[in-house]
Amino acid sequence: MHCQRSVILVALVTLCLSGALWSCVNAYQVGVGRADSTGPPVEIHFMGYANLKQVGRGLHLRQFARAFVVEDDNHKRVAFVSVDAGMMGYGVKREVVKRLQARYGDIYTADNVIISGTHTHGGPGGFLMHLLYDISILGFVPQTFEALVQGCYLSIKRATDNMVDGRIFLSRTTILNVNINRSPTSYLRNPVEERAQYEHDVDKVLTQLRFVDTENNLLGAFNWYAVHPTSMNNTNKLVTSDNMGYAALLLEKEYNTNKVPGKGKFVGAFCSSNLGDVSPNIMGPKCSISGNECDLLTSKCPPKEGECFASGPGRDMFESTEIIASRLADGALRLLNENSQESTSREIVGELSYIHQFVDMPNYNGTTYNPLQRKLDKIRGCLPAMGYSFAAGTTDGPGAFNFEQGTITGNAMWNAVRDFIVPPTQEDISCHSPKPILLATGRATFPYEWQPKIVSTQLLKIGDLILAGVPGELTTMAGRRLRNKISAVAVATGGKDTEVIIAGLSNIYTSYITTPEEYQAQRYEAASTIFGPNTHTIYMDVFEQLTKAMIRGERLSPGPAPPYMNDRMLSMNTGVIFDGHPIGKDFGFVKLQPKKSYQINETVVATFIAGNPRNNLFHEKTYFAVERKINEERWKVAYTDASWETKFIWERVHLIL
């Protein structure tokens with residue numbers, strides 16, 4: 001018997017060493033969690049379109065943070081959060097990690113936690129701690145900041161508390177009729193032989209991580225797909241998680257039976273990827289008055305034909321959001337369906353690793369291979385600056401004045417305005433060429449830093465999967481190149497064939513990242529590539545070094561930490577100075593009762609006297625509930641303020657009326 005047991009043991013060890021039974025040495029503990037991260041729904045400007053008229057008036061969909069945590073049998077751990085926010089700020093992540101460490105010690109650090117924003121343009125702003133990103137919000141908003149911090153923290157805490165022995169599977173599916181390239185002429189600047197490798201000028205593959213326990217019970221599914229959450233346009237004034245957030249709610253509804261949004265064990269997330277030049281408004285840009293097509297290069301319309309807007313597939317922005325979200329959710333559900341013939345599911349196995357480095361972009365010096373001259377060229381970053389076409393906006397949301405996309409020359413009037421604020425040096429102008437500088441943000445320091453100079457770069461490795469935390473909006477081709485680079489370097493350094501997922505808008509926000517070729521076109525995305533024409537090349541170099549070090553198990557210098565300027569924040573937003581109700585009509589008074597009966601598809605409306613919603617954000621709760629009568633003794637909550645079917649609108653009226 002002893003001899004027989006020895007033979008069996010040797011066989012098992014051989015299988016483990018050969019990789020045929022990875023679970024012998026690479027068992028995972030996995031957990032998923034979700035938390036409410038909704039910011040103030042009224043009286044605060046939204047972040048995304050930089051439209052001063054877009055001030056919150058209520059709530060359509062709550063914002064949520066969704067997290068997964070993985071630990072291997074070596075007790076290495078990684079955490080990832082996707083949060084319904086425009087992007088992620090350094091201050092938010094810093095505070096989240098601080099709270100995690102207060103509870104768990106050094107289990108969680110800046111190195112093994114990625115926080116990625118979905119990029120909804122329908123959430124309250126004021127959380128980024130850089131003047132350019134907060135100025136259209138009228139400054140810093142502590143309530144928004146705290147809502148995001150606490151939501152992200154709680155999502156990781158709940159994922160940690162929910163950890164069980166489990167397995168992870170990766171799968172992909174193609175989803176069409178969801179996205180288009182909003183700067184197709186820029187994309188065409190990329191080499192023809194490179195473009196020939198891809199069928200589309202945007203990525204149309206959804207990548208899914210599925211988390212199950214050892215009994216194959218589904219715990220959660222995290223999905224990455226490249227599309228802007230801009231189905232809701234810049235006239236929307238109700239807080240919303242947009243198409244990505246609603247897709248998550250639809251997915252969760254399938255598995256959290258009879259639960260209201262935000263409740264239930266299953267966690268389903270749709271996360272941002274290389275969405276920089278990708279729009280959900282698939283009907284394309286048209287002139288708003290004439291209906292004619294916009295100019296392809298400038299995205300402008302002739303006089304009297306209106307503004308150049310791209311529209312979605314629905315009759316209005318709500319229906320467009322619903323259609324796009326449903327298509328995304330349907331694609332994810334196909335992968336979760338065991339009978340799906342499309343699924344290319346495979347199990348993720350292997351140990352965990354992670355690496356993080358702060359990089360001073362303006363002072364970065366490197367080299368890149370010049371294929372035309374067959375030599376290495378020296379490159380460097382630039383101080384942050386925004387170009388003229390930044391002010392033109394996009395076809396998802398046009399800008400102000402008469403700026404055009406594709407502008408490569410400045411004009412005297414706007415240069416004078418720029419120079420009055422803070423003038424660029426000749427070195428800045430040369431460094432950013434052909435971008436004409438509209439705002440020399442890297443030179444501006446009053447009242448505090450306008451845009452980041454130091455960025456966060458990060459990799460999380462789960463077996464043969466690598467998540468790349470990128471601090472900005474990569475365009476389609478920029479993301480493809482980065483994925484290919486990381487994968488190739490991992491293999492060349494001795495690693496396995498590796499799946500790479502771009503986690504966009506992670507950890508700190510630095511606007512856009514185009515390829516050098518796209519940069520020359522100077523459309524909106526290029527004008528918003530803040531570190532100049534070598535921005536993407538620098539990131540390629542940095543992530544190459546990160547990948548090599550991580551695969552080899554080497555440590556890198558942490559780099560210089562960004563400044564934390566919480567004590568310098570300014571705001572023109574006031575709190576709730578006074579809240580009252582009309583004489584004889586207390587809070588809760590019903591001004592308009594709903595009718596006793598309705599026809600199918602008829603809208604139910606009720607109006608109440610209520611205090612300012614900023615007094616209490618009701619996290620994990622609801623401002624109202626719609627109940628369904630089950631029997632004579634029992635009612636059940638059917639909808640809350642987080643439900644697609646409801647809209648919560650609040651307005652300040654005359655106190656006496």
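Heads up, the Cβ atoms here are built off N, Cα and C, so glycines get one too.
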### Task
Report the candidate from Tyr187, Tyr512, Tyr519 that shares the Zn(2+) site with His119, His228, Glu473, as recorded in TrEMBL.
Tyr512
### Query
If one looks at the chain holding His228 (Zn(2+) binding site), which residues at least 6 apart in sequence have a CB under 8 angstroms from its CB?
His119, His121, Arg182, Leu275, Val278, Ser279, Pro280, Asp396
### Query
Could you give the mean pLDDT over the domain 'Neutral/alkaline non-lysosomal ceramidase C-terminal' (543-654), rounded to a whole number?
93
### Task
Inside 10 Å of the Cβ of Tyr512 (Zn(2+) binding site), count up the other Cβ atoms and send me the figure.
23
### Query
Out of His119, Ser279, Glu473, which of the recorded positions has the smallest number of neighbouring Cβ atoms within 10 Å?
Ser279
### Task
Determine, for the Zn(2+) site, the additional residues of the same chain whose CB lies within 8 Å of the mean position of the CB atoms of His119, His228, Glu473, Tyr512; present them in sequence order.
Ser272, Leu275, Gly276, Val278, Gly472, Gly504, Leu505
